[in-house]
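Inspection log for the structure reproduced underneath, given as structure tokens.
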Amino acid sequence: MDSNTVSSFQVDCFLWHVRKQVVDQELSDAPFLDRLRRDQRSLRGRGSTLGLDIKAATHVGKQIVEKILKEESDEALKMTMASTPASRYITDMTIEELSRNWFMLMPKQKVEGPLCIRMDQAIMEKNIMLKANFSVIFDRLETLVLLRAFTEEGAIVGEISPLPSFPGHTIEDVKNAIGVLIGGLEWNDNTVRVSKTLQRFAWGSSNENGGPPLTPKQKRKMARTARSKVRRDKMAD
């Protein structure tokens, strides 16, 4: 096992512990708590994959951080902070929408890279809006926290979330997963739109119809789906 992989995990465990203390002392806001919960799932998955105990890793991570801080000068710390771009947290969904439990009559789940896509195949002929909470850096989507698909009535019928065991994903991973979710929902004649906020930071533009600009790969995948459906309809006739 690579030593840098282990030390990175140990430091992440300790930093999560520090952030948890901030929450316990009621010094955090909703986005901070949201990221803490997401990172907890990620650390559990990484610990299982690496075969490392989180409590022991946290202790070692503390020693690593203390050593770095002891050697770090105040001036170097100021320069590092000044040169690091700050990310912003974007919220399409309210806390209630983000934390609400939902159920599927005909569940379907698909893993696309480091992201998990879930949708209810029982939903038909509905107008659906995709909304997401995510972080942004340099005006581009950085990290997806959670994406959900809502009907006009407010019911949740689909979701995209990061896999805890596969930390880290790119903007292309997110766009590909959105394309898969849209294709799955449109299979049952649903009309799917993407929030303007998500369009802006994921694609850098917005579509008046609410549809994101799809990649050639996504377009081919959706075209194959449409052709298969037409063939089935002809056979049924």
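Keep in mind that glycine also has a Cβ here, set from the backbone N, Cα and C atoms.
Under the heading region 'RNA-binding and homodimerization', Swiss-Prot lists 1-73. Residues or ranges marked as motif 'Nuclear localization signal' by Swiss-Prot on the basis of sequence analysis: 34-38. Summarising the annotation, Swiss-Prot assigns motif 'Nuclear export signal' to 137-146 and lists sequence analysis as the type of evidence. Annotated region 'CPSF4-binding' per Swiss-Prot: 180-215, in sequence order. Among the features that Swiss-Prot reports, region 'Disordered' is placed at 205-237. If you look up Swiss-Prot, you'll see 217-237 marked as compositional bias 'Basic residues'. Feature annotation from Swiss-Prot assigns region 'PABPN1-binding' to 223-230; the stated evidence is sequence analysis.
Within the same chain, residues 34-35, 38, 85-88, 93, 98, 115, 159-162, 169, 171, 174, 198, 201-202, 204 sit at least 6 positions outside the motif 'Nuclear export signal' (137-146) and bring their C-beta atoms closer than 8 Å to a C-beta of that stretch. Confidence annotation: the motif 'Nuclear localization signal' (34-38) carries a mean pLDDT of 84 in the model.
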